[in-house]
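Below is one structure; the comments refer to it alone.
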Amino acid sequence: MAPWLQLCSVFFTVNACLNGSQLAVAAGGSGRARGADTCGWRGVGPASRNSGLYNITFKYDNCTTYLNPVGKHVIADAQNITISQYACHDQVAVTILWSPGALGIEFLKGFRVILEELKSEGRQCQQLILKDPKQLNSSFKRTGMESQPFLNMKFETDYFVKVVPFPSIKNESNYHPFFFRTRACDLLLQPDNLACKPFWKPRNLNISQHGSDMQVSFDHAPHNFGFRFFYLHYKLKHEGPFKRKTCKQEQTTETTSCLLQNVSPGDYIIELVDDTNTTRKVMHYALKPVHSPWAGPIRAVAITVPLVVISAFATLFTVMCRKKQQENIYSHLDEESSESSTYTAALPRERLRPRPKVFLCYSSKDGQNHMNVVQCFAYFLQDFCGCEVALDLWEDFSLCREGQREWVIQKIHESQFIIVVCSKGMKYFVDKKNYKHKGGGRGSGKGELFLVAVSAIAEKLRQAKQSSSAALSKFIAVYFDYSCEGDVPGILDLSTKYRLMDNLPQLCSHLHSRDHGLQEPGQHTRQGSRRNYFRSKSGRSLYVAICNMHQFIDEEPDWFEKQFVPFHPPPLRYREPVLEKFDSGLVLNDVMCKPGPESDFCLKVEAAVLGATGPADSQHESQHGGLDQDGEARPALDGSAALQPLLHTVKAGSPSDMPRDSGIYDSSVPSSELSLPLMEGLSTDQTETSSLTESVSSSSGLGEEEPPALPSKLLSSGSCKADLGCRSYTDELHAVAPL
């Protein structure tokens, strides 16, 4: 060989040795540099290298940013998926590389890289969001994509990875996974590395529950291993990162205990690791909910008892409130025991004392509520004040037998006291009648019996004034609190006036003033106080009736004006032909009775002249009776039934047009059946004296001048026969103004 050839070979050999050592150092250094560089995350980085195209830049995060993965287009699976494995901090780290598919690449906004252990539930996720360029095209289909490194992976463990493009119409489960297995420790690290040597694991790892605490006990390694403390990693099964608890190794015992306090119940993954990461053991433990001592019956009792106590207090409060309301309403019922005993002891003596006779006059033009008040007031006078009351609503038999006007005159003459219940209707019609009478005209309201009664009472009042002032005490005018003193007619100004129920004690004393010598001083005043009158059922019934009248007035303040406002009379109706009867001149009463049960009453009575009589005789008869015949022949404008003429004709009438009793009582209901509440409140002894069959009472105030209606049980033959010799009361009514 030529010398120059030998010289060249030696030169190349030396050069190769020198360059080889440098290349080896460079290769090792670059590997270590790569390991140091790839163990950390990059926020933004290029996704392709040496592709000949523009770089694609992604923004990386750990799937915390929520982007809707569902789209409207199909994006193909990732292509050419490869796994790059290397060691980071003595553990396995991998990087995923792939290329995008051509289908739907123009709609691609990013990727999600999901890494899971095959036989465990651990899951790691990375999200790559396309930053530059904003949109890809088919020229990028061979561009390589690269994920961030996945750290802290186990040696020789099976994993799978999914690269899911988004937004895609396909679901995550529709993309195929890529399976791989991590390499062994000695392939990724040096064989003499401690991490690759077999490591010691505790033989026993015990977990126990103490209330809401969890205690982990394990036997530690021998002292020659050099372990100073252990790390206890724990988390719920479906939570994210582990929580760590440091447990110091106990030197005096062979076991070490670590207490986890106030842990929530659930399924836990517990991992024991030593300080050099050479000892690791994993366990699963289910921590049960803690049953409080207040659970079960104790809790039920603890809940029920307060509810019962609260309900009891609420019930007691309600009862007290209602009792207070009742005390406010019936405050007059509260009487001292001594006063009650005095009142009870006084009752037998009062039964022996004569009961003053009282005649009650009232208006029938103030509605049914006012009539209820009057009826309750009559019962109250009889029950509580110890009076014998004459009320027409109670004695229809006497009215039918004697005649209404005759009955009124008789009761005015017999009664010791005459009480006129004044009201708006009475004031209006009495004043109107007097005005029409003075003016010579004939007004509405004629035929009402209370007008006749008031006129007779006024005449008696004038006579009493002329005789003696003591005789005036017989006449009393009362009005309730829904009326006023102005409702007292002017012709009754001489009478004693009382407002009820404010002046109830004075009224009771007035009614018993004639037997002051028999009673103890102040007895009736105490008995008739506002507090005492609620003690009886009749008093409470009167209270209710007054309240009903107040309510009616509040609902219709102008009820009286609506009912009695003057209006143009309607056209005269056709009147049925009159059948005249002529006979011997005697006056007979023909009573037409409505067939029905025993409670029915006589509906219509008219007088007939049975002989030819001249007009002068008729006029003479009417003047003596105090009647206005011409006014009687016309119907009243206020809607009340007209008086039937005493000496005229007989006309046939059907049951439908027969006049009723104008408010004294309803002919369809027996007067013995009272429609007001609590009327049974009369005491036994007073009920005996005020029974409907034996009482002298009947009202003067509400009836019309009709022949009296007899109960049908008294009319066995179907007709009523009146006395032929009807005596006249012209001597009693000689000064009464004609109606």
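Quick reminder: no glycine exception, Cβ is built from N, Cα and C everywhere.
Source: prediction; values computed, not measured.
Straight from Swiss-Prot, the features:
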- 1-16: signal peptide (SIGNAL)
- 17-299: topological domain 'Extracellular' (TOPO_DOM)
- Asn19: N-linked glycosylation site (CARBOHYD)
- Asn55: N-linked glycosylation site (CARBOHYD)
- Asn62: N-linked glycosylation site (CARBOHYD)
- Asn80: N-linked glycosylation site (CARBOHYD)
- Asn137: N-linked glycosylation site (CARBOHYD)
- Asn171: N-linked glycosylation site (CARBOHYD)
- Asn206: N-linked glycosylation site (CARBOHYD)
- Asn277: N-linked glycosylation site (CARBOHYD)
- 300-320: transmembrane segment (TRANSMEM)
- 321-739: topological domain 'Cytoplasmic' (TOPO_DOM)
- 355-509: domain 'SEFIR' (DOMAIN)
- 614-635: region 'Disordered' (REGION)
- 650-719: region 'Disordered' (REGION)
- 667-702: compositional bias 'Low complexity' (COMPBIAS)
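Shown on the structure are the features that Swiss-Prot records.
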| residue | record | CB count, 10 Å |
| --- | --- | --- |
| Asn62 | N-linked glycosylation site | 12 |
| Asn80 | N-linked glycosylation site | 11 |
| Asn137 | N-linked glycosylation site | 10 |
| Asn171 | N-linked glycosylation site | 10 |
| Asn206 | N-linked glycosylation site | 14 |
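For Asn80 (N-linked glycosylation site), the nearest of the glycosylation sites by C-alpha distance turns out to be Asn137; the candidates were Asn62, Asn137, Asn171, Asn206. Of Asn62, Asn137, Asn206, all annotated as glycosylation sites, the residue with the shortest Cα distance to Asn171 (N-linked glycosylation site) is Asn62.
Asn137 (N-linked glycosylation site) is 58 Å away from Asn206 (N-linked glycosylation site) when you measure Cα to Cα. DSSP assigns Asn171 (N-linked glycosylation site) to coil in the three-state reduction, outside any helix or strand. Asn80 (N-linked glycosylation site) falls within a strand segment according to DSSP. Asn137 (N-linked glycosylation site) falls within neither a helix nor a strand when secondary structure is assigned with DSSP, and so counts as coil. Under the DSSP three-state reduction, Asn62 (N-linked glycosylation site) is assigned to coil, being neither helix nor strand. For the pair Asn62 (N-linked glycosylation site) and Asn137 (N-linked glycosylation site), the Cα-Cα distance reads 26 Å. Residues belonging to the topological domain 'Cytoplasmic' (321-739) score a mean pLDDT of 61 in the model.
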